[in-house]
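I have placed the structure first, in the form of structure tokens, so that the comments after it can refer back to it.
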Amino acid sequence: NSLVIVVGGRPCKINVHRSLVLLYNSSSLLCSGTLINQEWVLTAAHCDSKNFKMKLGVHSIKIRNKNERTRHPKEKFICPNRKKDDVLDKDIMLIRLNRPVSNSEHIAPLSLPSSPPSVGSVCYVMGWGKISSTKETYPDVPHCAKINILDHAVCRAAYTWWPATSTTLCAGILQGGKDTCEGDSGGPLICNGLQGIVSGGGNPCGQPRKPALYTKVFDYLPWIESIIAGTTTATCP
């Protein structure tokens, strides 16, 4: 299940997640994504599935609000040089909406970063993923948590299989308790713009010294800008 949860967070205030996008199909909530301009959403490549739709402007999954908008993917782009057999390799996907969305009380794009985050930075994560690391408890409204950018060495120690590359971020709380979890995949890591995309992590979530892995958006900016500008053959770092 590609959904990740925010464990140890609290319900997000209604005005802080205007860029958060819900990816879903007929049977389930799949992932989150982030609106980066009126026509484009950024999410994780491992969130791709056949017939998904996107909802923007959602707060409670159960209670519809007048600002909600539904969109379909018009085009989807993943890195052409992504390893097919490695789910976390270049875990980034750009989606062009079938038609643009307008800014509203609950919908607004999030800016891309002008510089990468430094170790120790405090960032926000958010999503509709599981809110218990042991039970299948999913919230109606997205949960938010503050976590820290950690040194790559922490993730390398936690996940020996992980080829810690410069194009990923390691983030969490060393003592555990706050983390992204099942259901949050593809969602944002936010500090001075969209710094990361939820990619993978420990199971169960929120364990001490088992932070999560995030695709480092800053390193993909040239690719993102090329695709949006129409150069669809651009390769990724």
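Just so it is clear, glycine is given a Cβ too, placed from its N, Cα and C backbone atoms.
Here's what Swiss-Prot has on this protein:
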- His46: active site, charge relay system (ACT_SITE)
- Asp91: active site, charge relay system (ACT_SITE)
- Ser185: active site, charge relay system (ACT_SITE)
- Cys12-Cys144: disulfide bond (DISULFID)
- Cys31-Cys47: disulfide bond (DISULFID)
- Cys79-Cys236: disulfide bond (DISULFID)
- Cys123-Cys191: disulfide bond (DISULFID)
- Cys155-Cys170: disulfide bond (DISULFID)
- Cys181-Cys205: disulfide bond (DISULFID)
- 6-229: domain 'Peptidase S1' (DOMAIN)
- Asn25: N-linked glycosylation site (CARBOHYD)
- Ser28: O-linked glycosylation site (CARBOHYD)
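Here the features listed in Swiss-Prot are painted onto the structure.
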residue: Cys12; record: disulfide bond; DSSP class: coil
residue: Asn25; record: N-linked glycosylation site; DSSP class: coil
residue: Cys79; record: disulfide bond; DSSP class: coil
residue: Asp91; record: active site, charge relay system; DSSP class: coil
residue: Cys123; record: disulfide bond; DSSP class: strand
residue: Cys155; record: disulfide bond; DSSP class: helix
residue: Cys170; record: disulfide bond; DSSP class: strand
residue: Cys181; record: disulfide bond; DSSP class: coil
residue: Cys205; record: disulfide bond; DSSP class: coil
Q.
Using a 10 Å radius around its CB, how many other CB atoms surround Cys79 (disulfide bond)?
A. 19
Q: Would you identify the secondary structure of Cys144 (disulfide bond) according to DSSP, in three states?
A: strand
**Q.** Same-chain residues at least 6 apart in sequence whose Cβ lies under 8 Å from Cys191 (disulfide bond)
**A.** Pro117, Ser121, Val122, Cys123, Tyr124, Ile149
Q: Can you figure out which of His46, Asp91, Ser185 (the active-site residues) comes closest in space to Cys205 (disulfide bond), comparing Cα atoms?
A: Ser185
Q | Cys31 (disulfide bond): secondary structure state under DSSP, collapsed to three categories | A | strand
Q | Residue among the disulfide-bonded residues Cys12, Cys170, Cys205 whose Cβ has the most other Cβ atoms within 10 Å | A | Cys205
**Q.** Local confidence of the prediction over the domain 'Peptidase S1' (6-229), expressed as mean pLDDT
**A.** 92
Q: Let me know how many other Cβ atoms fall within 10 Å of the Cβ of Cys123 (disulfide bond).
A: 20
